[in-house]
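Okay, so here's the structure we're looking at.
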Amino acid sequence: MVHLYLGDYLWENNNRYSLASLFLVTNQQVIYDKDDYFIGFFTSTTSINAFLHLWSLSVEMQFYVLVPFIFLKLQDLKDDNQKFITVSLITLLDFIAHAVVEDSFAFNFMLLRLWNFQLILTSETLGYIGDISHVLYLVHWPVIAIFQPYTVKNYVFVILFTFLSSIFFHHFYEQKYLKLDSKILIPFVVILILGNAVLQYSKQFLENGIPSRPSRKEVSKIIIGYNTCPNGRGNISIMMIGNSYVLNMRNPIQALFNYNYSSFKYSALGDSYGFYANNPGSYAAVDYNLRELELYKPDVLFILNRYPISLRGPIEENDVHVQQLNENLKSFEKHVKKIYIMDTHPLYKFGYVDFFLQNVVNRPEALESLHLDRREADKVMKYTKERFSMVKWEKCQFFDLSHVFLDGDKYLNFDRDTLVSYIDNTVHLSPADTIVNGFLGVDIFFVISGFLMAKIITKTRITKANDFLLFYYKRFRRILPLYFLVIFGTVIMVHFYLGEYLWKNNNRYSLASLFLVTNQLVIHDQADYFNAFFTMTSSINAFLHLWSLSVEMQFYLLVPFIFLGLQMLEHNYLKLIAVSLITIIGCIAYLLVLEQFAFNFMLLRLWQFSAGFVALFCANPEKLPNKAELSKDVIFKFPFTKDDICTVSLATLGSCLIPQKLNVMILRPVVTLSTAIIISSENKNFQILSSKLLGYIGDVSYVLYLVHWPLIAIFPPFTIQNYLFLIVSIFLISTVLHHIYEQKYLTLDWKSITLLLSVLILGNGLLQISIRQQDFWKIDYPSDIQKIIDTNKAELPFFWKHDPKRFECTEEKIGEKIEDQKVFGYGSCGRGNGNFSIMMIGNSFVMNLRTPIRTHFNNNFTYFRYISLADGYGLYADTPSSHLSLEISRKNVERYKPDVLFILGRHFSTMKKPLQEDDQLVQEMNNNIKFYEKFVKKIYILDSHILFPLGFMDLFLQNVVHRPEILEGLHLNRMKADMEMKIVKKRFSMLKCTKCKFFDLNHAFLEGDKYLTFDRDTLITYCDNTFHLTSAGLKLCDNALRTVAQEVMDTI
């Protein structure tokens, strides 16, 4: 894993530690490295050392070598009291020795950890985690070191991956080899040792011929650097003292003097802080520096250091550290004319370059997070600065380097353009999104639901209409009273807490939810190019989660008829075959149909409910031979028990929580199958499945499901405090509703339930009328806020719908077999007085940029045509719809032969996929450009454009009203936005064309490390809810578009 996933710059150290680990002396390697000033960071957890954790197992194994001899001597003591006194003395004396000896040595040395082993605690087993603890111990650190967690998502991924791999190794490896006899186990261990030895020997192969770093020259343990630079031509003498920062700063400072000195000496000592000491080494360094100053008496003294932890502690009255600083400076001032002291500097992490390079290679989108938070960094050095401010001096001056790394609220760690780190691995300066697969939980829910419905229906035969009605009554009684109550409460919350600009969409979805057809409305909106964002979780839609319950209720209408048909099959194995065929065929159909449609359509989800049927019939087979009937001479025995398979299936379900996008087309069938296996196993020994806590969560799960999303949508979390508030609120509300409402109505008879449902339905109906017709719900905002809301709302749904110049263009019939809703615009904008023709092709960005581009030509053209089609990218096609759009665009270019062709589009996921050798998209774009160049003189292509979030205006206005203090956080991170379109830009750079030119609008929104999303003065957004630019955003692009228009007029 080290050689496959880590860069070659990390191999040398990991190879050293892997070899030490094979000989079980990792702790000795740690002791050796800690004693070396320059490689001490290899023993730090930030050094990306995948074998570092094995120091403790090395100590353990060394103890195992010693422990029989200890007990051999203890056997000579016949009295247990004498043995107790002896081991107590060993514990006490060894503890004292551990406390006295230097911590970094004692921490890793077995004989000084012996006292720990004397404290033997006996306890009950810690259960399953205890069983897999050895695997967890061995696995956890390599995973952490190689896939370093730097966000909440990464932490969740590392935790889950560690547990899943540990479970796998425990069941399929550890438990198996523990059952082997010595004849098999010894050769097995020999093979493993030989394999590791061969792997160590073959590192040259893994390094692919890259030479390892040359060996370091051994340096003194005390003197890091001590020498005199060549004499200069000036009349001042200079000396530099301190720790390794002296060598780090020596050349830059010396170069700035330009030899305008008489002599230039430097003394860099380990543990030297120049004018401060806190251990024997630093006291010796202070004395040594003082003698040097007395001897050479330099005119100018530089004190350069990274300051120790002791200076960062709270300041006390008559602080001893300040007193020491003053005393040493007073001694120094006797021998010099001027002292320059480097002020506190941001404390970069040990092993930073290794960590930085790992992110450059594997996680470039996270690079911006590696910069230091200014507030946190300043806080670390707060007390050091205060101590320096209390120093009394006559000849001293502090100089600060921190400000040159400052950028807003960050201290920069690397150059954003060249991606060169500002620091090395030893803190010296060097030369210049939560759970993305969570939706798979719905798949688990559908399988469980299918199993429960099958279990309920198979208890009784369905023979008459009354059986159908009884089944429907029980389902409606269980679900609808709570469902209608939550919808009622959610509608009220939407109108009390969300702005009017969010009501229309929420009202549509609340009405669909009342009729249990939310999934159908989602399908309808996803098919509409301009309404698709309403189905996104970012659209502040408080009813969106109810699509799954709509699918569930539609399934309930169908399931009795399915089992009516299954009753015709006499044997359970025939039923099992039937439902298995439904599952397999349904799964294939689901995978073949457009995912957005299949995801929400009940009939294409039926295979998952049917998987629950399969689980039921597998759990209740008719006849299987018992063990007595089986032949004793079994040819093949399945090596895995039901517990093993159940455990692995449960671990597979854990993959839903991994914060890394997984291939859903593979994962969805696997998750469905795993759920069915767990259900059919009916394993009563499973500790996790028999947990009382999980049982209670299961009891309140229906309330949790209904309540969680409205709260998240209406009060979106932006901080850890928000997340905690939401989690606690959701659980409290769910618990209260479960106990005082859900449990109560489930005990009512049918008359009371019917009355309750009637009241809830009537109440919801009256509420739907009220919110649409009465002014009671209208929110009165302060006049300035209302103005901001109105100005932004005026841009909806799109700029071109309100464009005052839109009437200057005439829409025409396209004359092609394409659906009307997929034609956003097709026509011309009148004749001009110029001598060249213009045509624009693409998707909705054509309509967005039509007027701004046309305006800058000032009618200096013969004609101006535009074609704006759904999935119209102009250069390539990836769906049937985009193939049709491309064909229409090509026909129009060939027909009208414009002098200038603009290709304008927002590029979708296909263009962002990794580049392939002989990339098909690049070839297709080159072919289309070659076609266009036959008919046009010049082609202008809109370069990859920053992707504003869907539903951004709604989110922005919500924050203007309720959270204005976090508005700055809505601007886009530059590096992340650029990374998203990196491959698109790369593909564009590979295009071969003689008449093409790309033009970019991104720079108009750029400010430092951000792309701006709104005007800070007017609070007007630069984009609407559907990626398109508003009039304010287009105004920013004026200069760029004017330049393009002028270039066309100058050259065509």
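The backbone N, Cα and C atoms fix where each Cβ goes, and this holds for glycine too.
Annotations in TrEMBL come from automatic prediction, not curation.
Noted in TrEMBL for the protein shown:
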- 50-72: transmembrane segment (TRANSMEM)
- 84-101: transmembrane segment (TRANSMEM)
- 155-172: transmembrane segment (TRANSMEM)
- 184-202: transmembrane segment (TRANSMEM)
- 425-736: domain 'Acyltransferase 3' (DOMAIN)
- 435-458: transmembrane segment (TRANSMEM)
- 479-498: transmembrane segment (TRANSMEM)
- 544-566: transmembrane segment (TRANSMEM)
- 573-593: transmembrane segment (TRANSMEM)
- 693-714: transmembrane segment (TRANSMEM)
- 720-741: transmembrane segment (TRANSMEM)
- 753-771: transmembrane segment (TRANSMEM)
- 827-1041: domain 'SGNH' (DOMAIN)
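Between the transmembrane segment (544-566) and the transmembrane segment (184-202) there are fewer than 3 Cβ pairs closer than 8 Å, counting only residues 6 or more apart in sequence, so the two stretches are not in contact. The average pLDDT computed over the domain 'Acyltransferase 3' (425-736) stands at 79. Segment contact holds for the transmembrane segment (479-498) and the transmembrane segment (693-714), given three or more CB pairs below 8 angstroms at sequence separation of 6 or more. Panel annotation: around the transmembrane segment (573-593), residues 566, 604-608, 610-611, 613-614, 617-618, 621-622, 665, 668-669, 672 of the same chain, lying at least six beyond its termini, place a Cβ under 8 Å from a Cβ of the stretch.
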